[in-house]
Amino acid sequence: MGDSLSPEEKLSLITRNLQEVLGEEKLKEILKERELKVYWGTATTGKPHVAYFVPMSKIADFLKAGCEVTILFADLHAYLDNMKAPWDVLELRTSYYENVIKAMLESIGVPLEKLRFIKGTDYQLSKEYTLDVYRLSSVVTQHDAKKAGAEVVKQVEHPLLSGLLYPGLQALDEEYLKVDAQFGGVDQRKIFTFAEKYLPALGYSKRIHLMNPMVPGLTGSKMSSSEEESKIDLLDRKEDVKKKLKKAFCEPGNVENNGVLAFIRHVLFPLKSEFVILRDEKWGGNKTYTAYLDLEKDFADEVVHPGDLKNSVEVALNKLLDPIREKFNTPALKKLSSAAYPDPSKQKPAVKGPAKNSEPEEVIPSRLDIRVGKVISVDKHPDADSLYVEKIDVGEAEPRTVVSGLVQFVPKEELQDRLVVVLCNLKPQKMRGVKSQGMLLCASVEGVNRKVEPLDPPAGSAPGERVFVKGYEKGQPDEELKPKKKVFEKLQADFKISDEYIAQWKQTNFMTKMGSVSCKSLKGGNIS
């Protein structure tokens, strides 16, 4: 296909869906004369997850544009980065990566014979490369080396020398792989600019750098191999995919920090050029979107329900994962997977003294700062028909701004001056441009006629009074819940409305000093 494209068409394919390009003019000049040589490298650390489909889809674009593409399995980098891959499993993890990356490429129809695969240690241990590492270390400052790796190399209080070497080796890879361009995530930008600064100091040319956006995880933060709850593994079973998507942050009408929408935008749309929302005929039937922004708008306007969005992603994702699961269902690859990533629970613990602060944090209700609030004012969100912007007195000097998706469920007059229950220690986040400083907790019942009701504090409660689960009233709430730790999400899984309309956690009542928290009519409902 590349032979039949003009330089402009090749440029469009190479740069589509990228967040940033450094050296675009040089890229244009090369495309006028010959095919681009580009490489993508991946350190063989944690198990690859579904966000790896983002670079895979770009590799498909590069091949369509006629590029000569190299995939580097950066095994030495995996060890240098605070030994994320211990030396004794380094070779096994590299083999795992090679097999799983090839399976991913095959699942999206990329011909493997057009790619060059190489391991870092195939050339990084040579005399010439080692000498260049020493040459580079003589001109690079400690400050620049640490700054370059800040977004990629694990940050610790006392950095190891190996982590400071990491950016320099990645820069040298561009020369030793004989490429025109390096492709990676925007989190690599500081390493890319480091390479642009220091390669010329060794007499080597500055390369082009192509950067794709980072995909938020299911919790709204960056999707990470080291955060189990934030990502879907390529070998996760269908039931695990369903479970993780069910827990994913996907608030009605909220397109900010929405990991499910982000996955559609950055993974599913580039691969298929369309996305189908699967839903019952009574809700309008299936709908096909050929432009992501149309889907985002419908979600923001609550035309598309989070449940339908998650179910549709589940179906599309499993179609991508099925060929990979099938390939890894052989005895040889099962054995490789177990050896490369041994189950920590089956490993014998090392005999050491007690570690400081080694006990895991308890996920208990007292960590939530839940208070009685009084709604001072209610207005429609200026940019979202489905959202209210409320000012709520929670016993502080100033009322808090809280954004909630209640327009379709609760009339404005019913909220005005009402006592409500507010979760106050979530990390503030923007919802369609307005920063929300809390969550108004509600009961809800899903189904044909979805119903939502704010929780009611007991009569006589006052703004600022603490809401607690009986038996956990003495614990101290976290100052701010860290999104990565998912404390609220883990506790919320056991929130329920009892048959007596009482809000409960694990069948234990939510209370204030005046009595139990309740809702008007939604027995058996969920709480969010």
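Any Cβ shown, glycine's included, is placed from N, Cα and C.
Reduced to three states, the DSSP call for D173 (trans-resveratrol binding site) is helix. If you look up Swiss-Prot, you'll see Y39, Q170, D173 marked as trans-resveratrol binding site.
The L-tyrosine binding site feature in Swiss-Prot is assigned to Y39, Y166, Q170, D173, Q188. Within 10 Å of the C-beta of Q170 (trans-resveratrol binding site) there are 26 other C-beta atoms, taking all protein chains into account.
Under the heading N-acetylmethionine, Swiss-Prot lists M1.
If you look up Swiss-Prot, you'll see G2 marked as N-acetylglycine, on the strength of similarity to another entry.
In this structure, K197 (N6-acetyllysine) is part of a helix by DSSP. Within 10 Å of the C-beta of K197 (N6-acetyllysine) we count 15 further C-beta atoms, all protein chains included. Here Swiss-Prot flags K197 (among others) as N6-acetyllysine.
S205 (phosphoserine) falls outside any helix or strand according to DSSP and counts as coil. What Swiss-Prot lists as phosphoserine is S205 (among others).
The N6-acetyllysine feature in Swiss-Prot is assigned to K206 (among others); the stated evidence is similarity to another entry. Around the Cβ of K206 (N6-acetyllysine), the number of neighbouring Cβ atoms within 10 Å comes to 15.
According to Swiss-Prot, the phosphoserine annotation covers S386 (among others). Counted within 10 Å of its Cβ, the other Cβ atoms near S386 (phosphoserine) come to 21, all protein chains included.
On its own chain, K474 (N6-acetyllysine) has S366 as residues at least 6 apart in sequence with a Cβ closer than 8 Å to its own Cβ. In the three-state DSSP reading, K474 (N6-acetyllysine) counts as coil. The N6-acetyllysine feature in Swiss-Prot is assigned to K474 (among others); the stated evidence is similarity to another entry.
Sequence-distant neighbours of K482 (N6-acetyllysine) (same chain, 6+ apart, CB under 8 A from its CB) are K427. A coil conformation is recorded for K482 (N6-acetyllysine) in the three-state DSSP classification, outside any helix or strand. Annotation comment: Swiss-Prot describes K482 (among others) as N6-acetyllysine, evidence class similarity to another entry.
Feature annotation from Swiss-Prot assigns N6-acetyllysine to K490 (among others); the stated evidence is similarity to another entry. Under the three-state DSSP scheme, K490 (N6-acetyllysine) falls in the helix class. Under 8 Å, Cβ to Cβ, and six or more positions away along its own chain, K490 (N6-acetyllysine) finds V363.
Per Swiss-Prot, the feature motif ''HIGH' region' maps to 44-52. Residues of the same chain lying 6 or more positions beyond the ends of the motif ''HIGH' region' (44-52) and with a Cβ under 8 Å from any Cβ of it are 73-75, 78, 81, 84-85, 90, 93-94, 96-97, 100-101, 104, 215, 217, 223-226, 231-235, 263, 266-267, 317, 320-321, 341.
The motif ''KMSKS' region' annotation in Swiss-Prot covers 222-226 and rests on similarity to another entry.
For the motif ''HIGH' region' (44-52), the model gives a mean pLDDT of 89.
The closest partner of K197 (N6-acetyllysine) among the recorded positions, by CA position, is K206; the full candidate set was Q170, D173, K206.
The binding residues for L-tyrosine are recorded as Y39, Y166, Q170, D173, Q188; their greatest pairwise CA distance is 17 Å. The Cα atom of Q170 (trans-resveratrol binding site) lies nearest to that of Q188, taking the recorded positions Q188, S205, K206, S386 as the candidates. Taking the Cα atom of each, Y39 (trans-resveratrol binding site) and Q188 (L-tyrosine binding site) are about 14 angstrom apart.
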